[in-house]
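K.L.:
Heads up, here are the entries from TrEMBL:
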SIGNAL    1-19  signal peptide
DOMAIN    16-210  domain 'GH16'
ACT_SITE  GLU96  active site, nucleophile
ACT_SITE  GLU100  active site, proton donor
CARBOHYD  ASN104  N-linked glycosylation site
Amino acid sequence: MACLVLFAVFGSLALAASAGDLNKDFEITWGDGRAKMLNNGELLTLSLDKASGSGFESRNEFMYGQIDMQLKLVAGNSAGTVTAYYLSSKGSDWDEIDFEFLGNLSGDPYILHTNVFSQGKGNREQQFHLWFDPTADFHTYSILWNPKHIVFSVDGTPIRKFKNLESMGIPYLKDQPMRIHSSLWNADDWATRGGLVKTDWSKAPFTASYRNFKANACVKASSSCAAKSQPWFNQELDSRGEKRMKTIQKKFMIYNYCKDTKRFPQGIPKECSMA
């Protein structure tokens with residue numbers, strides 16, 4: 001697939017839409033050769049063995065946009081492994097939007113773990129079982145981030161929404177550009193059944209694959225972004241999208257911090273009342 005990069009330049013950000021050559025969008029940051037660019041940048045793979053995992057990050061920082069990536073997760077007995085795919089800024093008061101895929105024993109479902117950090121505060125976990133085998137083929141995992149809300153989607157189906165509720169005193173992700181990061185690493189002290197199931201290193205190396213990255217987003221550059229003219233800047237879920245999201249949550253959500261009264265004995269977080 002040819003790489004398409006369109007820039008509309010205006011102040012401190014540039015508007016970009018990109019897809020295709022992962023070499024142009026990402027750089028491998030760790031893993032001593034365990035991460036690989038293949039097929040002229042059409043495919044990126046991360047691997048994990050007992051010595052080390054691996055990871056990459058985007059060359060650009062983004063400030064609002066629609067971010068899509070296709071992933072195929074570690075197949076077979078993936079217990080103890082975590083494949084993380086997320087947006088994050090830097091510093092002690094960082095912002096972050098997380099997809100994390102918690103491996104499991106063969107035949108047991110993956111857990112999709114989501115979280116949102118604003119100004120260094122997270123503890124907003126929602127977890128799902130997927131309604132398909134995420135190791136058999138590639139599936140698209142998307143983040144829509146605009147001034148109104150953050151929407152997590154899987155294959156175009158919304159699964160979670162985090163609203164801008166600054167009017168209630170809840171910090172929103174609006175000031176810090178974020179890079180895309182991804183890593184495959186060992187977390188068998190907590191990832192599978194609370195750490196009861198350990199990584200079976202006889203199954204290593206474990207491999208996750210990435211392709212078809214698309215970013216219709218504002219990129220931190222040398223000018224301001226004409227984002228307001230883009231459909232995603234003001235995009236909200238319509239009634240059909242809201243209904244689909246609630247159906248997925250009803251059928252496949254397995255943990256919701258907003259329902260965890262034992263964790264929050266003084267009362268659930270304020271944003272939960274507006275979920």
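Cβ atoms are placed via backbone N, Cα and C, with glycine included.
All TrEMBL annotations are machine predictions without curation.
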K.L.:
Enumerate same-chain residues with a sequence separation of six or more from GLU96 (active site, nucleophile) and a Cβ-Cβ distance below 8 A; give 'none' if the list is empty.
P.N.:
TYR86, LEU87, SER88, SER89, ASN115, VAL116, PHE117, GLY122, MET178
K.L.:
List the same-chain residues at least 6 positions away in sequence whose Cβ sits under 8 Å from the Cβ of ASN104 (N-linked glycosylation site), in sequence order, or say none.
P.N.:
SER78, ALA79, TYR110, ILE111, THR192, VAL197
K.L.:
Near the residue listed as 'active site, proton donor', which residues of its chain come within a Cβ-Cβ distance under 8 Å, counting only those 6 or more away in sequence?
P.N.:
VAL82, THR83, ALA84, TYR85, TYR86, LEU112, HIS113, THR114, ASN115
K.L.:
What mean pLDDT score does the domain 'GH16' (16-210) have in the model?
P.N.:
95
